[in-house]
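First comes the structure, then the notes that go with it.
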Amino acid sequence: MTIGRMENVEVFTAEGKGRGLKATKEFWAADIIFAERAYSAVVFDSLVNFVCHTCFKRQEKLHRCGQCKFAHYCDRTCQKDAWLNHKNECSAIKRYGKVPNENIRLAARIMWRVEREGTGLTEGCLVSVDDLQNHVEHFGEEEQKDLRVDVDTFLQYWPPQSQQFSMQYISHIFGVINCNGFTLSDQRGLQAVGVGIFPNLGLVNHDCWPNCTVIFNNGNHEAVKSMFHTQMRIELRALGKISEGEELTVSYIDFLNVSEERKRQLKKQYYFDCTCEHCQKKLKDDLFLGVKDNPKPSQEVVKEMIQFSKDTLEKIDKARSEGLYHEVVKLCRECLEKQEPVFADTNIYMLRMLSIVSEVLSYLQAFEEASFYARRMVDGYMKLYHPNNAQLGMAVMRAGLTNWHAGNIEVGHGMICKAYAILLVTHGPSHPITKDLEAMRVQTEMELRMFRQNEFMYYKMREAALNNQPMQVMAEPSNEPSPALFHKKQ
């Protein structure tokens, strides 16, 4: 295997993990360790008409490719930038007569690039797609069946005039996608819109309490001169001080679960046994399953309440999928009432309920009640998450907005400031989310100052402003969680 070179990091053999990356210099919180453009990336099947196929921004009006009628772009700039990667895809779709699923499209794009450039390492690339882990040998019976279907479909889609690859190599690429696919989000970071392969990122090992985070940046093509454009990329950012020689890690999954469940999830999705400190020592497990102290409920009562919470979550998922949001609120209220005397405020079953009910009530514009639940949710999250966790920052931001809409100006402003401080580390000052949050911070600070000077006049102006302004910050509730870092084929 050929290993490339890159400033700031180097490949090494991590004990018990295989390959990994370590820092070659010292880093501090918010430092960008490296940025990487996608080797190949595609939009999810369900969003191909709503998301630009170049920068992955969600837009209302998109330009459609006049030949295949499939690809969509923000403008001519994005369409021109996409042509190198879309050219083969365009003719293949026309020949095949239909559009294959996202996995097939991504595999084809990867192999067209291999055909075009070979598998040698380019500048700044540490590893080729040929040398990424595929874990095909660990696939279960169902996964092997899905793989055979994908390979068969790929062979029908792949043009006969293109370079022909072996079945083993095609299977390897599908395995790479399965294990190394990175979720791409829209420009607001609120919705997963696609999946991409970033070879250097594939070398960064997992830790449930990592020292880095990965953020997707859609880039910016708004400047008139192309020399000022920035490209779509991922950024590996430091969450705190990282010493020279220290291994760089990210979390492949959400931390908010007990260690055994996280280990089970990692084994199922990524085929390894997590040996991080938090899993080995079961750190914070007592908080995740926390119960009230005085009086302390019996083990039998706790067991029954956990099962009741799981059953209620299933009912909630069904109601949400059917758009029955008032039913969701009713189920959450009933469950929280029963959880209250049993679970502590950090219990994951209570936090899941608080998250759902605050989100749905915000969507229904019942902001006063939503703000109460959102504050409780944030209080629990702050005791569990890493202080610079991106998901914590997003949750605090949403809670701050909910409280602002409820008229809790001081609480809302405080939360927005806290979220802004976190996102400066995890996303950086130039990310669209951080820019939006900075605008909100300035606005709430101005309103807070006005509120303290003349409360009566403030409420008159606020009422007038809200009546003339459509809601833009509360999206329709979704069964999908916040976008996960790494994409797992459903």
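Cβ from N, Cα, C; glycine included.
Computed from a predicted structure; not experimentally measured.
Neighbour density for PHE272 (S-adenosyl-L-methionine binding site): within 10 A of its CB lie 18 other CB atoms from the protein chains shown. Residues or ranges marked as S-adenosyl-L-methionine binding site by Swiss-Prot: LYS17, GLY18, ARG19, HIS135, ASN205, HIS206, TYR270, TYR271, PHE272.
The Zn(2+) 1 binding site annotation in Swiss-Prot covers CYS52, CYS55, CYS74, CYS78, and the record cites sequence analysis as its basis.
There are 18 other CB atoms within 10 A of the CB of CYS65 (Zn(2+) 2 binding site), with all protein chains counted. A coil conformation is recorded for CYS65 (Zn(2+) 2 binding site) in the three-state DSSP classification, outside any helix or strand. As annotated by Swiss-Prot, Zn(2+) 2 binding site applies to CYS65, CYS68, HIS86, CYS90, with the evidence given as sequence analysis.
Feature annotation from Swiss-Prot assigns Zn(2+) binding site to CYS208, CYS274, CYS276, CYS279. A coil conformation is recorded for CYS208 (Zn(2+) binding site) in the three-state DSSP classification, outside any helix or strand.
According to Swiss-Prot, the domain 'SET' annotation covers 7-253, on the basis of sequence analysis.
Positions annotated as zinc finger by Swiss-Prot: 52-90. Within the model, the zinc finger (52-90) shows a mean pLDDT value of 92, rounded to a whole number.
For PHE272 (S-adenosyl-L-methionine binding site), the spatially nearest entry among the binding-site residues CYS65, CYS68, HIS86, CYS90, CYS208 is CYS208, judged by CA separation. Taken residue by residue with DSSP, PHE272 (S-adenosyl-L-methionine binding site) is part of neither helix nor strand, so it is coil. Looking only at other Cβ atoms within 10 Å, the busiest spot among the binding-site residues LYS17, ARG19, HIS86 turns out to be HIS86. Residues near CYS90 (Zn(2+) 2 binding site) in space but far in sequence (CB under 8 A, at least 6 apart, same chain), listed by position: CYS65, GLN67, CYS68, PHE70, ALA71. Same-chain residues at least 6 positions away in sequence with a Cβ under 8 Å from that of ASN205 (S-adenosyl-L-methionine binding site) are, in sequence order, ALA14, LYS17, GLY20, LEU21, GLU247, LEU248, THR249. Comparing Cβ neighbour counts within 10 Å across the binding-site residues CYS52, CYS55, CYS68, CYS78, CYS274, the minimum falls on CYS68. Cα distances from CYS52 (Zn(2+) 1 binding site) to the binding-site residues TYR270, CYS274, CYS276, CYS279 are smallest for TYR270.
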